[in-house]
């Protein structure tokens with residue numbers, strides 16, 4: 001049996017690309033880089049706590065963000081670091097002071113944790129909760145429209161966090177997907193208090209607002225004075241975006257967008273549940289006094305009558321969950337008991353999904369080529385810019401860790417002369433693409449199975465309970481798993497299942513081929529992975545994030561935005577691999593077209 005294994009491990013990190021996780025980066029990004037080097041060890045002079053600076057997480061404005069760990073307790077945080085040389089103007093200092101002042105006064109399950117701040121002669125350091133699963137912005141880029149139960153799950157937590165803010169007289173004023181962070185348990189954490197303000201007395205209307213919020217309310221645009229209602233408007237925009245897949249007033253021109261907001265010009269697609277449409281319309285009332293208050297929202301029928309999962313699996317970040325086997329939110333028989341269960345309870349009580357096999361219907365919005373055309377266009381664009389032929393190449397400026405892939409192939413074994421290709425994903429699940437074009441995946445819990453027919457329909461089974469027709473394939477899958485455990489990786493204990501995993505669906509291997517130089521693997525979530533045989537370098541391309549992850553000979557794992565590589569350039573090594581990737585994606589598209597022509601003629 002021939003075999004080869006990929007390498008590269010990766011821990012996830014917080015935040016929005018282009019800013020620190022949980023707080024705004026003040027100022028504009030055009031400023032010159034600071035002359036001073038950020039120290040490897042950050043020392044809080046008051047508490048004498050020492051933090052070790054770790055992996056780079058993102059940048060934006062004047063700030064850079066790193067993973068930092070307490071030298072004594074080993075506890076890990078996100079450290080936002082701002083050079084004082086870029087905080088020279090009084091309003092810049094004042095803005096940062098206000099942001100810190102508001103954020104440090106807050107402590108809630110759905111607000112990014114604030115763990116302190118300090119400074120030395122050159123930098124201001126802010127210590128924040130680490131949100132390893134980034135933000136709803138990255139989720140939106142990968143998934144576009146979510147299922148209704150997922151939207152309900154996230155919105156409920158956003159509302160709870162915002163209830164706490166309003167209860168403490170804080171208006172956030174910039175609620176948007178990129179400021180709603182996710183921890184390892186996919187809990188929402190409201191962050192970035194750079195535009196937040198505190199209401200000093202009842203009835204106070206704020207007149208000024210610096211910056212340009214994404215989901216700006218009409219009363220802010222008209223400068224008539226605004227208050228807590230602007231956050232409810234923003235949540236209406238967020239709800240629309242989560243369910244429809246794009247913001248309600250979005251255009252390519254800012255002026256046109258603002259005109260649409262002023263005229264309340266938006267439309268809700270017909271396929272959206274009327275109960276959801278009704279709540280969106282209530283929150284997007286042009287008259288702020290006509291909107292529900294933050295404390296009224298969770299009593300709306302959208303929340304009281306629909307299925308709310310208690311937890312969601314990590315797979316939801318890239319693949320829709322298994323709600324085809326969960327109760328429909330539109331099923332009247334499910335409404336009454338759920339209403340009763342949700343009333344007065346701190347946490348929603350999920351309805352147990354029916355335990356039965358049921359194929360998942362592929363979403364209509366999914367492109368036929370699984371985003372290969374988009375990827376080809378992105379690669380054509382970056383290659384045409386000749387990124388390695390620059391006088392000054394600044395590849396590090398193109399790095400964007402927020403675009404790190406959720407899944408990639410960590411091991412593979414080719415036994416296609418008899419059975420198929422076996423592979424392991426980075427979460428330790430194992431799959432086989434059989435020669436008959438069916439797929440079988442064993443989850444990391446060692447028992448759950450996902451079977452994908454040739455037509456893409458999916459069934460969910462277990463090792464202990466499955467039809468006789470799958471006995472041979474399950475036996476082969478176990479054989480592949482054992483081979484990879486013994487030869488290609490350190491054998492590890494089974495992972496303990498977590499709540500929400502019963503809703504998980506994993507991406508699967510759509511197709512693959514080998515050349516003399518590499519193996520090319522195309523996953524169902526759109527990612528293409530290329531493992532080069534000679535030097536063991538790897539590329540993972542994601543068309544939805546428009547990003548590439550490059551794993552070099554030293555197993556160094558770095559993720560870049562393709563548009564930024566066009567701007568800042570890259571090394572000759574990466575450029576040659578991107579040219580190769582374009583040819584391979586072209587080949588994937590050509591073979592897909594040929595297969596479709598064959599199907600049509602048969």
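Note that Cβ sites are derived from N, Cα and C of the backbone, with glycine treated the same way.
Swiss-Prot lists region 'Linker' for one of the ranges 461-475, 476-490, 491-505, 506-520, namely 491-505.
Feature annotation (Swiss-Prot): of 192-219, 220-247, 248-275, the stretch labelled region 'Activation loop' is 192-219.
Residues 16, 19, 22-26, 95, 98-99, 102-103, 106, 165, 169-179, 225-230, 233-234, 237-238, 247, 254, 258, 261-262, 264, 286, 288 of the same chain lie 6+ residues outside the region 'Activation loop' (192-219) yet bring a C-beta within less than 8 angstroms of a C-beta in it. There are 23 other CB atoms within 10 A of the CB of residue 174 (active site, proton acceptor), with all protein chains counted. The DSSP secondary structure for residue 448 (phosphoserine) is strand.
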